[in-house]
Every structure is written in C-alpha cells, then in structure tokens.
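S.K.: Checked Swiss-Prot, it gives:
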- K26, 72-73, 99-100, K103, H105, 124-132: 5-phospho-alpha-D-ribose 1-diphosphate binding site (BINDING)
- F34, F35, T128, R156: orotate binding site (BINDING)
Amino acid sequence: MKPYQRQFIKFALSKQVLKFGEFTLKSGRKSPYFFNAGLFNTGRDLALLGRFYAEALVDSGIEFDLLFGPAYKGIPIATTTAVALAEHHDLDLPYCFNRKEAKDHGEGGNLVGSALQGRVMLVDDVITAGTAIRESMEIIQANGATLAGVLISLDRQERGRGEISAIQEVERDYNCKVISIITLKDLIAYLEEKPEMAEHLAAVKAYREEFGV
C-alpha cells in the first residue's frame, strides 16, 4: 500500500465516508463496511479528494487527453481532479461532464466543458452495477471519443450477480482498465496495522471469503 492510499483511508474514516458496522447494501447483502463518498462535502474535502484522485491517476501511468465526470456525482470529482492535476502535477488537462437533461436554448446539447474528444478518463465515486459507465460509454462513443480508463475511489472487489465483479464486467465489456484509489485488499492491509480494529478486520475478511473475487 502506498502512502497516499493509507492517507486516503484515514481521510475517509475521519469524514465518516468509510464506516464499519453492519449495513444492508442495495443488493440486499449485509456488509461489515460502508462507503459514502457524498460525505466529502466541503471545500477542503473536495480539494483533498482531488489530490487523491490525481495521485492515483499519475500512479496508474495510463495516458489520456480529457477527464469526464458523469452526472451527477462525477461532476465535482472531475472538476477537483482537473484542478489537482494542474496544481500538483503540472498537467493542465481539459474536463467535461454531461447534463441529465439536454438544454434546448443557449449553448444547447447535453455536454458542458471541453469538447469530448480523444482518449477519455472517466472519473466517478464507485461502480456498483456499472449502469453509469454504460450510459457514459454511449455518450463517449457518440462523440467519436475513446475510453482510456475509469478511475473510482474504492474497488470493493466483490462478485456481482455472477462470478465476477461489476468492475471486472466493465473491464471485459469495454476493454479498459478500471483503477481505484483503494481496493478492499488495501482496506484489509490497513486494518491489519491497527490492533484496535481487530473486530472489524475479522468481519471484513469473512465478508471477502463469502463475496470476494
């Protein structure tokens, strides 16, 4: 685990974005942890979040021309990541996002920001069922652009309805790499460093045994 990944876990815990306990997911599964990126909701939170996304992007080595944030949660993430890349990595790259409803006046269309072209890095909070990615792919392809990769905050590394995860399905269907700031494996490594969190570690490991990929 790299220092920025450890820092991200501490940051997520401090904001209660990452919580341990018993949570029922949309799928009906009972999970020993929950991640709600919507709680990164202040200016400082967003600035820090952008730095973690930028760090993971640079660390991945994937080449891309533009950041795309799917509405709605992806919009602030794409914006803060673009700022962090420019401020901390000297990479001044364009960004763009979609509207859920197309405008029929003014500039029109359903895209805001830079022209959607070239190699696109899609940024979002998490991938649950992959629906937002599929909708975004239609927009990217309709504009003649290509998908360079997908960046999310957390990869839960758990099976979907079948034997593989929603993330593995996206990688297979779109022949792209999905990268994340942290994975379930990183989270377990972090818990292993904290004796006071042994109870949570046991629960998360048991969950991985049952649902992990």
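Keep in mind that glycine also has a Cβ here, set from the backbone N, Cα and C atoms.
Describe the structural context of these features.
M.R.: All protein chains included, K73 (5-phospho-alpha-D-ribose 1-diphosphate binding site) registers 15 other Cβ atoms within 10 Å of its own Cβ.
Long-range C-beta contacts of T128 (orotate binding site), restricted to its own chain and to partners at least six residues apart, with a cutoff below 8 Å, comprise K26, A166.
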S.K.: Given the recorded orotate site (F34, F35, T128, R156), which additional residues of the same chain have their Cβ within 8 Å of the Cβ centre, ordered by sequence?
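M.R.: Near the orotate site, beyond F34, F35, T128, R156, sit L25, S31, Y33, N36, V126, L154.
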S.K.: What residue among the binding-site residues K26, T131 has the most other CB atoms lying within 10 A of its CB?
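M.R.: Selected residue: T131.
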S.K.: Near F34 (orotate binding site), which residues of its chain come within a Cβ-Cβ distance under 8 Å, counting only those 6 or more away in sequence?
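M.R.: Sequence-distant Cβ neighbours: L18, K19, G21, F23.
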S.K.: Could you check the binding-site residues K100, R156 and say which one's CB has the fewest neighbouring CB atoms inside 10 Å?
M.R.: K100
